[in-house]
Amino acid sequence: MDYRDTPEEAEFRASLRAWLAENIPAGWDKIEDRDEAARMQRAWHRTLYEAGYIGMSWPKEYGGRSLSPMYEAILNEEAGNLNAPRLPSVGYIGRAVFTYGSEEQKKRFLPPLLSGEAQWCQGFSEPEAGSDLASLRTLARLDGDHYVVNGQKMWTSGGQYADWCLLLARTDPDVPKHKGISAFLVSMREPGVTVRPIVLASGEAETCEVFWDDVRIPVAQRLGAPGEGWRIAMTTVAYERGPADIGFIASYRHTLRRVERLAAERGLLERPETRKKLAAAYVRGEVLRLNCMEQLSLRVSGREPGPEGSVAKLLWADAEQSLQHLAMDILGADCMTGAAGEWLGSYFTSRPVSVYGGSAQIQKNIIARMLGLPR
Ligand SMILES: Cc1cc2nc3c(=O)[nH]c(=O)nc-3n(C[C@H](O)[C@H](O)[C@H](O)COP(=O)(O)OP(=O)(O)OC[C@H]3O[C@@H](n4cnc5c(N)ncnc54)[C@H](O)[C@@H]3O)c2cc1C
């Protein structure tokens, strides 16, 4: 694939760049209050949607523009370059609904997902079911035209701000574990849903425990057939990554330049050890970029994302964690104090990158299977 922009893509990139320069909310990255940051994210989603930048690759009949995924990659790249707030990730929930949803579900759930009117979270993991997700124990018992759900979910990111949840629960305990799981589209406002934010080492509460006590879900809100939950979960996870990675690369480079400036300010740029680590960080970014471009070209040619996303996930976690580690090396004890204190928060934020979305060890298992290595 030729990675250069076509004339149409170049024109789109130029008008997008101008639009971003006008519309990125000033001072968004200085907001400290979590609720205010969540409100800013919601407003940002709305602004992007109204300008036609959300769901560009989605079919027109569901509110998209039927454009190639290249346009989303360009949006991610330009937003990352200009240090815009995080772009909303509607793709993976959207993909689950328009692959497995009934026509009625698509009409009901897709437009508010795109517009940002409805925020979603993903209720998959449980205290005893993370890597081994198929052993989840939250139970959904059929009772007339409703399911009654009981159980506990863990690490539900954004659960405290979400309006809806894509929930996995066991509907048949008597069949092999992968086959007894179903997926549900559930309002987080239902009676019986209790959300408890978890404060992480970074000081942020970006994820939650969610308790489900006798929560009633209409049968019409089951996504797909009974027992199809595992397949739906795997589709969702495969689409969590993709063109959005390009945005990560742009913001990675932005951080790398800041780390380089930190080294220069402290007179460490001439130190061979620091130079070697900075060079390695540049190489990691470039390896990740090339990997992303390859995946993007497969996506553009119509191939569904598959297990090769595990390679990108590993490269990404390694790049992000090594870079934040390098910032700690450069700052030494200064990272605990004053203006440099924000780096400690970013360091802690980088630690779970190798855990969420499937841990590094699990990604290695998937790659080993892909390569046909002995088990
Ligand atoms: C910040 C954050 C946000 C998250 N957001 C969400 C979310 O929004 N929704 C959601 O559903 N979940 C979310 N998760 C959960 C995440 O997907 C799980 O934490 C992850 O899958 C690991 O599961 P676990 O925590 O139960 O660890 P475990 O599965 O208990 O793993 C513990 C350790 O054992 C290793 N291990 C386990 N099994 C194997 C194996 N077969 N081979 C080799 N090593 C193995 C793991 O790699 C890990 O190092 C989030 C997690 C974090 C930390």
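Note that Cβ sites are derived from N, Cα and C of the backbone, with glycine treated the same way.
TrEMBL has this to say about the protein:
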| type | residues | note |
| --- | --- | --- |
| DOMAIN | 6-117 | domain 'Acyl-CoA dehydrogenase/oxidase N-terminal' |
| DOMAIN | 121-215 | domain 'Acyl-CoA oxidase/dehydrogenase middle' |
| DOMAIN | 227-371 | domain 'Acyl-CoA dehydrogenase/oxidase C-terminal' |
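The domain 'Acyl-CoA dehydrogenase/oxidase C-terminal' (227-371) scores a mean pLDDT of 88 in the predicted structure. When DSSP labels each residue, the domain 'Acyl-CoA dehydrogenase/oxidase N-terminal' (6-117) comes out as 76 helix, 0 strand, 36 coil, counted as helix, strand and coil in that order. Remark: secondary structure over the domain 'Acyl-CoA oxidase/dehydrogenase middle' (121-215) totals 6 helix, 51 strand, 38 coil, with classes taken from DSSP.
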